[in-house]
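Copied over from TrEMBL, here are the features:
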DOMAIN    4-131  domain '1-deoxy-D-xylulose 5-phosphate reductoisomerase N-terminal'
BINDING   T10, G11, S12, I13, G36, R37, N38, N123, E125, G204  NADPH binding site
BINDING   K124, S150, E151, S175, H198, S211, N216, K217, E220  1-deoxy-D-xylulose 5-phosphate binding site
DOMAIN    145-228  domain '1-deoxy-D-xylulose 5-phosphate reductoisomerase C-terminal'
BINDING   D149, E151, E220  Mn(2+) binding site
DOMAIN    260-376  domain 'DXP reductoisomerase C-terminal'
Amino acid sequence: MKKISLLGSTGSIGCSALEVIRRNPTKFQIVSLAAGRNIDLLKKQIEEFHPVMVSVLEQECAAALKKKLSPSSGIEILYGCEGCCRVASVEDADMVISAIVGAAGLLPTLAAIDAGKDIALANKETLVMAGKLVTEKAKYRGVTIFPVDSEHSAIFQCLAGQNSKTVRRVLLTASGGPFYRFSSKQLESVKPGDALKHPNWVMGNKITIDSATMMNKGLEIIEAHWLFNMDIERIHVYIHPQSIVHSMVEYIDGSVIAQLGIPDMKIPIAYALSFPERLDCPELSLDLFRVGKLEFFPPDVNRFPCLSLACEAVRQGGTMPVVLNASNEVAVEAFLAKRLPFTRISELVDRAMSSHQCMTSPEIEDILEADGWARKETEKLLKSMGH
Ligand SMILES: NC(=O)C1=CN([C@@H]2O[C@H](COP(=O)(O)OP(=O)(O)OC[C@H]3O[C@@H](n4cnc5c(N)ncnc54)[C@H](OP(=O)(O)O)[C@@H]3O)[C@@H](O)[C@H]2O)C=CC1
Ligand SMILES: CC(=O)[C@@H](O)[C@H](O)COP(=O)(O)O
Ligand SMILES: [Mn+2]
């Protein structure tokens, strides 16, 4: 029985992970949960999975949750980043699923690694912000990071333990989002409601907007760079509107190995939880006759500049990817709040990166400082741009 701590239990990945666990009660057991503010859903999860410890975003949420639960539940209720880090390092857990959205996922994931837990990693921002630190720490602690992100799970499966020296390149697939056929002019007037309609995946709001700007693919290039120790020049993005081929690996002999499946996150989650075994999921079946065609196109970095910004951030290294990520988080929130036009998301990130004094080889304190600086700077730029 694998004991699991789940961070971000009330989110899209969190709920899919609980569905996998629900269907495999003899294989997995939840020991702790962390969420943000959705205490109604968290209460239901507590009553079903009986964790010994939970954490929520703020003290008020913890107090409200305590009132809703039976006094005899005996559960420990914590809050804030500290509470989340305790959930992530709870003694009993073998594995931590890191599925909080954004930079808030970094410290709890590091706490889990420090405590020697294997990680099922959905929170790509962790590797974008602190890839060097996280991978080095994981190696030192003997911790394995299993990718949950669908493309990285695909690459992991295509690599099948092979030495990366035998790999010529990685073909990272992207749906292109809802606007991949839009002209620059059309992109100027897209609204949050349009951008939140991903053609193939049902996901949280932040990653859905990132898919629409293609910043998601930029973040995923950085994620693949750290997970598979691969230069970004060997990571090539392919627009694949069907989201059936989740990524491919080309070997030095010319063989290309792909992983295919329906677009359902339960597949990569199940693999990360059960590796090296595979779980029986009869309902998750791919009918290629129904899919009919699989198409591949090159990305257009002129209409989707976030891809180039992400590559530039890795090339500069140090704290630049931290700024890319933080500035993007602020810009996405501003777009969702209808403060910022869609096409200005990339412009804002670009401007924040341009005004950053990049620091090489940052420690965790430097990373957090750069994150805070970028958030303030982006807010300042937003105002100076009249938003
Ligand atoms: N959704 C998907 O299919 C995929 C997601 N990912 C990645 O996985 C991560 C999660 O994405 P997704 O599930 O879509 O996001 P959601 O927005 O659906 O869920 C986010 C989760 O994080 C919690 N949360 C947010 N902020 C905090 C905080 N400060 N402290 C503690 N908990 C917090 C939320 O709590 P609450 O709702 O209670 O406030 C919620 O449980 C992201 O990094 C994303 O890029 C990667 C591949 C696919
Ligand atoms: C499900 C998943 O892994 C997402 O990251 C997804 O790939 C987003 O789709 P895009 O390819 O449109 O970014
Ligand atoms: Mn992905």
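Every residue, even glycine, has its Cβ placed from backbone N, Cα and C.
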Site diameter for NADPH, Å, by largest Cα distance between T10, G11, S12, I13, G36, R37, N38, N123, E125, G204: 22
Candidate binding-site residues K124, E151, N216, pick with smallest Cα gap to G36 (NADPH binding site): K124
Sequence-ordered binding-site residues from H198, N216, E220 with Cβ under 6 Å of an atom of ligand 1: none
Those residues of the chain, 6+ apart, with a Cβ under 8 Å from that of E125 (NADPH binding site): V101, G102, A103, G105, L106, L219, N325
Where S12 (NADPH binding site) sits in the secondary structure, as DSSP reduces it to three classes: helix
Helix, strand or coil at N216 (1-deoxy-D-xylulose 5-phosphate binding site) [DSSP, three-state]: helix
Fewest Cβ neighbours within 10 Å, where candidates are the binding-site residues N38, N216: N38
Distance-selected binding-site residues near ligand 2 (C-beta under 6 Å), from S12, K124, D149, N216: D149, N216
Those binding-site residues in S12, K124, E125, D149, E151, H198 whose CB falls under 6 A of ligand 3, listed in sequence order: D149, E151
